[in-house]
Amino acid sequence: MGQKAARGLGGYGKRKLGGKMAGFADWRKKAGGMCEKAIQAAATVYLLVAACMVPLYMHDGYYGLGTAKFQLYRNVGFMALPLMVIFAAVKAAGGCKGGRRRLWGREKGGNGTLPGVWIKDKAGTWLPELFLLAYGAAVILSFCLSSYKKEGLFGAEGWNMGLFSQMSFVALYFYYAYVWKAEKEAVGVILGVSGGICLLAVLNRFGFWPVDFRGRSDTTLSTIGNVNWLCGYLSVLLPVGTAVFWGSRREGQNGGKCREGRKGRKWLQAGAGVFTAAAFLCTTVQGSDSGFLIIGTALWVLFLIACRDGAEMSAFQDVFLTASGAVFVGLLGLRVFRGTVEADSWITGIVLYGAGAVTAAAFAGRLWWKKCGGTERAGERSGMKKGGTERIGVKKGRTGNDKSADAVQQGRRLSLMRKMGVLLPAAAAAICAGLLAAGTLGGEGMKESLPSIFIFSEEWGNGRGGIWKECLEIWREQDIARKVFGVGPDCLKAFLYAEQGGRPLLTQIYADAVLTNCHNEWMTLLMDTGLLGLIAYAGFLVSAAVRFLHKGGTAGAAGALAIITYTVHNMVSFQQITSTPLLFLAIGLAWNSGCIKRENRVK
């Protein structure tokens, strides 16, 4: 009897203990959910600060603008980044239990807590993540081995691309690519703010200043500042917004399943279209020839992407018509109103006289493509069925052979367009290379007959030729450690004036100014973080671009366009607090929202 009572009491105790454990588990789950929501909210705030507030923020007009923007980015980052990094690390460690190759925990139902995804996706590579981790390690090593740690922590004043900034870029990518819950509204807010910045820049260029910023000049526009900084900002936001517009037009070819869906798509198309027009207009009139480099690169890459499908090509033609119209209006405005700068560069002149013809040709080509049935997808042209009924897109009464012939003809047309899109730029590049060689190595008569852009000298590219030549010479003279690891993140200024102060580049050309970078991002990284840092950084961008192109879709196009356009532009420019963080955000968000497909997630 006593034994039965004891057994009964023991069972009661176990049930009571089990109830307490269950209550503790529920409390822990609720506390974890609250912490997760708080960190996600902090990450959303930091996203909006980096993408919206930093470009808008001004402390004392244009005086100390770069430093003020960095201080905002840094101060908010001090609060948000540690939480984001710790949260991502905890989730990564929890997701790797049991030897499974995944980054985060299991996906729970249709609205799980986090997107549990495989590290190795169907694009078949870990390379972007591995290269980025290697870049972070290279930056840390460069800083530890640097003789200029004080300067290397936050970077040169006004530029601030030191250790903190570089490591924040790594954290931004990993968090927003793999942890943050994608919210389309955030992208809409970012593009809306960017569109306002572009329109303000256009007004400023033509002499209208709704707000009279202190320290303004002919080379300062909007809330970004110098036109070089504005071009860096546009090298990221213009391709992203253009890809969103292209994607909305492509999806619009198929209509919507419900009235709400069609209405939302129309608003998306309208908003993205307005942004695209504003961004191309701003890039045209801002006053720097590198703006045309941004325009040409973005449209060329998007054209090659669109050559895969009839509907995608139709959407590209809508984008091209919008862009060419904005360029024409901008150049015409410069010619008529003159603005605050003369439209007298040879590049501006060539584009001005050709922009009207290109716009007219784009409109005619759009009509011709539509008449040829180019808006239909290849599957629709070949009579593919969906849900047991033939998809709309072919004329009634046509036989299967007619449809197949149309599909084959459209495929050949797109193939020819893709080949032309590769061969013509390649031929133009070869001609430019030949002219550059002739202008650089030829006699005085040849040099006098060519524009200055084809004569490489110390004055080439507003002095970039001399900077590149001098910096490469300095790098070759360094010991093996500095060649591999560099002089320290954003320590080029400190290194040059401490150890190379007697060079003509500093005593003559930059006697009244301060040289902080090479005006070439990759060359600057070679000097700052060495060969190791440059290879890792370039490897990340190249492998990420290839992965985006492989994935396709709107997000894939946005990621690829942002990487390629930014990289091409920064061959004559540099990292900035208003552009480089946006690049890593764009890459991370694009990979988060569209390139990790449902079938790649852990069930």
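Yeah, the Cβs are placed from backbone N, Cα and C, and that goes for glycine too.
Pulled from TrEMBL, these are the features on record:
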REGION    379-404  region 'Disordered'
TRANSMEM  38-58  transmembrane segment
TRANSMEM  78-96  transmembrane segment
TRANSMEM  130-148  transmembrane segment
TRANSMEM  160-179  transmembrane segment
TRANSMEM  186-207  transmembrane segment
TRANSMEM  227-246  transmembrane segment
TRANSMEM  292-307  transmembrane segment
TRANSMEM  350-369  transmembrane segment
TRANSMEM  422-442  transmembrane segment
TRANSMEM  530-548  transmembrane segment
TRANSMEM  555-572  transmembrane segment
TRANSMEM  578-596  transmembrane segment
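Remote same-chain partners of the transmembrane segment (186-207), defined as residues 6 or more beyond its termini with a Cβ less than 8 Å from a stretch Cβ, comprise 44, 47-48, 51-52, 55-56, 216, 220-224, 230, 233-234, 237, 240-241, 244, 271-272, 274-275, 278-279, 281-282, 285-287, 330, 333, 337, 339-341, 589. Fewer than three CB pairs closer than 8 A are found between the transmembrane segment (555-572) and the transmembrane segment (38-58), and contact between the two stretches is not assigned (pairs 6 or more residues apart).
Against the transmembrane segment (160-179), stretch 578-596 has more CB pairs under 8 A than any other of 130-148, 227-246, 292-307, 530-548, 578-596. Within its own chain, the transmembrane segment (292-307) has Cβ neighbours under 8 Å at 231, 234-235, 238-239, 242-243, 246, 280, 283-284, 313, 315-316, 319-320, 323, 327, 347, 351, 414-415, 417-418, 421-422, 425, 549, 552, 557, 560-561, 564-565, 568-569, 572, counting only residues six or more beyond its boundaries.
Through the fold, the transmembrane segment (422-442) approaches residues 300, 304, 450, 454-457 of its own chain, all at least 6 residues removed from its boundaries and within a Cβ separation under 8 Å. Under the criterion of 3 or more C-beta pairs below 8 Å, with sequence separation of 6 or more, the transmembrane segment (530-548) and the transmembrane segment (130-148) qualify as touching.
Through the fold, the transmembrane segment (38-58) approaches residues 65, 68-69, 72-73, 76-77, 79-81, 83-84, 87, 172, 175-176, 179-181, 183, 186, 189-190, 193-194, 197, 213, 223-224, 233, 577-578, 581-582, 585 of its own chain, all at least 6 residues removed from its boundaries and within a Cβ separation under 8 Å.
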